[in-house]
Amino acid sequence: MKIFYLSLTAVVVLTAHSAMAQAQAQQSSNGNNHIKIENGGVYIGENTGYPQKNSLKGESKAVAIGKGSKVGESAVAVGYEADAGKEGATAVGRGTKTQSYAVAMGFQANAGVQAVSIGKDSKATGNFAVALGDEANAKGKSSFAIGRNSYANSWANAFGAAAKATGQISTALGWSAQASGERAQAIGPEAKASGKRALSFGSGTNTTAENGVSIGSQTNNYAMGAVSMGHNNIIQASSKNAVVIGNNIHNTANNSVFLGDSSAYVEKGETTGGIGKVNGNYAGVDAKGVVSVGSKGNERRIQNVAAGLLSHRSTDAVNGSQLHATNQRVEEVNKDAKAGIAAAMAFKDVPFVPGKWSYAAGAARYSSESAVSLNLGRTSNDGKWAVSGGMSSDSRGRIGFRVGVSGVFN
């Protein structure tokens, strides 16, 4: 771009110096051609000798070449009806028009104050704007439109053919990229960012909501504050602040995270309302979102998870080793319960014989556990009362004792 501009400028300067040298050596008339030096300026056009209605006309230290071209002080106009009528302006090409200290090059190019417009029908009408390419339009102040048919609003930047940065302080980079939201960024072919401060990065990405981010390709992000990274994702407007990392993710929820291809949200069920509806009095019962790493048929494991804190207030995730330890403890309780049942079954009542000591022994097995017992008792001489006691031992290594008294009312 700089080489092109410098080359054109060099041509203009060399042409002007050549014309001045020839004019100073001799002033000649040949048909209707006209060369004139006046107040340090050089004017070349039809009707030599005197400016006529359609001839050039300008002020000092200027160069005008071409029928109907116009120049201001220290300006350069080259081409049919080129208009560099303001101070320090440069207009090169048929029908070009510039304001003060601006540069316009190309058929009907138009440049505002201190702007640069290069290309057929290019327009840099905003002050300090730059338009490069056929039909490029840098309309706003300090805007950049680079590429054929590109467009940039105030303080915006459009780079690429048909790129449009219509939002203030926005950037559109890539073929047909569109950044219409304020401070939005659309980067990639056909990328679109219409939400305020939205970012679309990648071919065919589309971000419509405020502060949304889409990185990847062929993704539609309609949710405020949501982030999508991957291909062919869809984040609905109801999924505010969701984070999606993966491909083909379509079923999402607000304040949630989705990791992996085709991850999805499962509707609320009994899991978040209590285990079997027996006891729902635990921390974190009111879920505000989910973290999903898969979907039905696409389940995944989460590995290398640290052990979570365990308390009545903890909302930590637990890992497999913690659940294994819990299972082991439950199994121990189960075995203890079975051994206790076996011990109860093993106790045998002693016979009641007045005035005699008696004994009884027993054994029992329940499921995988077993126990034995020994009992001793005495009955009174009149048979109205008796006392007995015993002990048991089960397969879990526990010892049990019992004692009892019985009697008869008159």
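Using N, Cα and C of the backbone, Cβ positions are placed for all residues, glycine too.
The following features are taken from TrEMBL:
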type	residues	note
DOMAIN	72-95	domain 'Trimeric autotransporter adhesin YadA-like head'
DOMAIN	112-136	domain 'Trimeric autotransporter adhesin YadA-like head'
DOMAIN	138-153	domain 'Trimeric autotransporter adhesin YadA-like head'
DOMAIN	165-191	domain 'Trimeric autotransporter adhesin YadA-like head'
DOMAIN	193-218	domain 'Trimeric autotransporter adhesin YadA-like head'
DOMAIN	301-336	domain 'Trimeric autotransporter adhesin YadA-like stalk'
DOMAIN	354-406	domain 'Trimeric autotransporter adhesin YadA-like C-terminal membrane anchor'
SIGNAL	1-21	signal peptide
Three-state composition of the domain 'Trimeric autotransporter adhesin YadA-like head' (112-136), taking helix and strand from DSSP:
0 helix, 8 strand, 17 coil
When you check the domain 'Trimeric autotransporter adhesin YadA-like head' (165-191) against the domain 'Trimeric autotransporter adhesin YadA-like head' (138-153), do you get at least 3 Cβ pairs under 8 Å, counting only pairs 6 or more apart in sequence?
yes
On average, what pLDDT score does this prediction assign to the domain 'Trimeric autotransporter adhesin YadA-like head' (112-136)?
97
Do any residues of this chain, six or more beyond the ends of the domain 'Trimeric autotransporter adhesin YadA-like head' (138-153), have a C-beta under 8 angstroms from a C-beta of it, and if so which?
115, 117, 119, 123-132, 159-168, 170, 172
For the domain 'Trimeric autotransporter adhesin YadA-like head' (165-191), what does DSSP give as the number of helix, strand and coil residues?
0 helix, 9 strand, 18 coil
